[in-house]
Amino acid sequence: MKILGIDPGTRNMGYAVLEKNVNKISLIEAGLIKMKPENLQFQLTQMCEAIDQIFEFHKIDEVAIESMFYAYNPQSVLKLAQFRGGLSLKILQVFGNFAEYTPLQIKKNVTGKAKADKTQVAFMVKKMLGISKDIKPLDVTDAIAIAITHAHNLRGVK
């Protein structure tokens, strides 16, 4: 089973494709989709094209994204909400459904601590997948953690 994890962002969007076989999870591909700092419509178009390419290249069985979180800057929250809405619609059009996890759920699942910092999440992601080198940037690590969380929630599924 192939799982796509997505860490939404308006400038950078991390993604990861994992393979889940019984009790083993393997990293197939992970990367960063960089959005040019243009207007929202241009960024949404870039994001949609990138999502199309991922779905065309991989036979995805499950999709999981990080849900919205609180931020202090209302403009940032508004822009991210618009972008997430576009991302959600694109996934629904191409795939049909997706799972959502809060940052606290993801951190707790991967590290055992809901208040873990990004370096702790990155450490555990590497350990769980048997990766020795650093995974950068952290948007990519977050996308992998999202996919791992979804894989763990599908325990009975092969």
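Every residue, even glycine, has its Cβ placed from backbone N, Cα and C.
Taken from Swiss-Prot as is:
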ACT_SITE  D7  active site
ACT_SITE  E66  active site
ACT_SITE  D139  active site
BINDING   D7, D139  Mg(2+) 1 binding site
BINDING   E66  Mg(2+) 2 binding site
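Swiss-Prot feature annotations superimposed on the structure.
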residue: D7; record: active site; Cβ within 10 Å: 25
residue: E66; record: active site; Cβ within 10 Å: 23
residue: D139; record: active site; Cβ within 10 Å: 23
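Put simply, D7 (active site) is 6 Å from E66 (active site) when counted between their Cα atoms.
For D139 (active site) paired with D7 (active site), the C-alpha to C-alpha distance reads 6 Å.
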